[in-house]
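Data first, discussion second: the structure below is written as structure tokens.
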Amino acid sequence: MAKFTKSLVLCLLLAAFVGAFGAELSEADKANVVNEIAANIQREILKGVKSSETTLTMFLKEMQLKGLPTCGETCFGGTCNTPGCSCSSWPICTRNGLPKRAGVKSSETTLTMFLKEMQLKGLPTCGETCFGGTCNTPGCTCDPWPICTRDGLPSAAA
């Protein structure tokens with residue numbers, strides 16, 4: 001958010017500069033300045049999106065390694081290539097046993113970091129992951145999996 005604010009202030013300062021000295025600039029120069037401002041703002045926004053994608057990818061990869069029931073592959077010929085996975089709920093490979101507890105704290109930290117970042121960006125997350133296709137938080141659904149999301153817009157109390 002701080003980067004966006006800085007970009008906005010920079011944009012306003014450049015716009016004020018162009019407005020103040022606009023009479024001395026040609027139309028081509030004005031267009032170049034405006035295009036440069038737009039490109040800078042777009043770059044800042046895309047940096048934030050890339051950060052969110054990286055955090056989500058890291059979270060999902062860690063969850064797969066720490067014991068979420070899916071193995072990250074589909075059944076092929078009735079078998080799964082990932083060790084510890086089986087094709088019992090075709091077409092998705094699932095783990096044979098309960099998740100190991102060794103990495104739970106690390107996974108919770110990653111989940112908390114991901115959810116905090118998403119909430120700061122305004123996504124309606126509920127603060128839990130889907131378990132058995134359901135969410136325990138009232139008003140939340142398991143769509144899109146694996147993050148529970150609110151059915152509608154978040155209420156002011158949430």
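Using the three backbone atoms N, Cα and C, a Cβ is placed for every residue, glycine included.
As annotated by Swiss-Prot, signal peptide applies to 1-22.
C85 (disulfide bond) falls within a strand segment according to DSSP. Cβ neighbour count for C85 (disulfide bond) (all protein chains, 10 Å cutoff from its Cβ): 20. For C71-C85 (among others), the entry in Swiss-Prot reads disulfide bond, with the evidence type sequence analysis.
According to Swiss-Prot, the disulfide bond annotation covers C75-C87 (among others). For C87 (disulfide bond), applying a Cβ distance below 8 Å and a minimum sequence separation of six or more within one chain yields C75, G78, T79, C80, C93.
Packing around C93 (disulfide bond) is summarised by its Cβ count: 24 other Cβ atoms lie within 10 angstroms of its Cβ, all protein chains included. What Swiss-Prot lists as disulfide bond is C80-C93 (among others).
Around the Cβ of C140 (disulfide bond), a 10 Å sphere holds 20 further Cβ atoms from the protein chains shown. According to Swiss-Prot, the disulfide bond annotation covers C126-C140 (among others), on the basis of sequence analysis.
According to Swiss-Prot, the feature disulfide bond maps to C130-C142 (among others), an assignment based on sequence analysis. In the three-state DSSP scheme, C142 (disulfide bond) is classed as coil. Around C142 (disulfide bond), the C-beta neighbours below 8 angstroms that are at least 6 residues distant in the chain are C130, G133, T134, C135, C148.
Classification of C135 (disulfide bond) by DSSP places it in coil, neither helical nor stranded. Positions annotated as disulfide bond by Swiss-Prot, on the basis of sequence analysis: C135-C148 (among others).
Other Cβ atoms within 10 Å of the Cβ of C80 (disulfide bond), summed over all protein chains shown, number 22.
Distance between Cα atoms for C140 (disulfide bond) and C85 (disulfide bond): 29 Å, as a whole number. The secondary structure of C75 (disulfide bond), as reduced to three states from DSSP, is coil rather than helix or strand.
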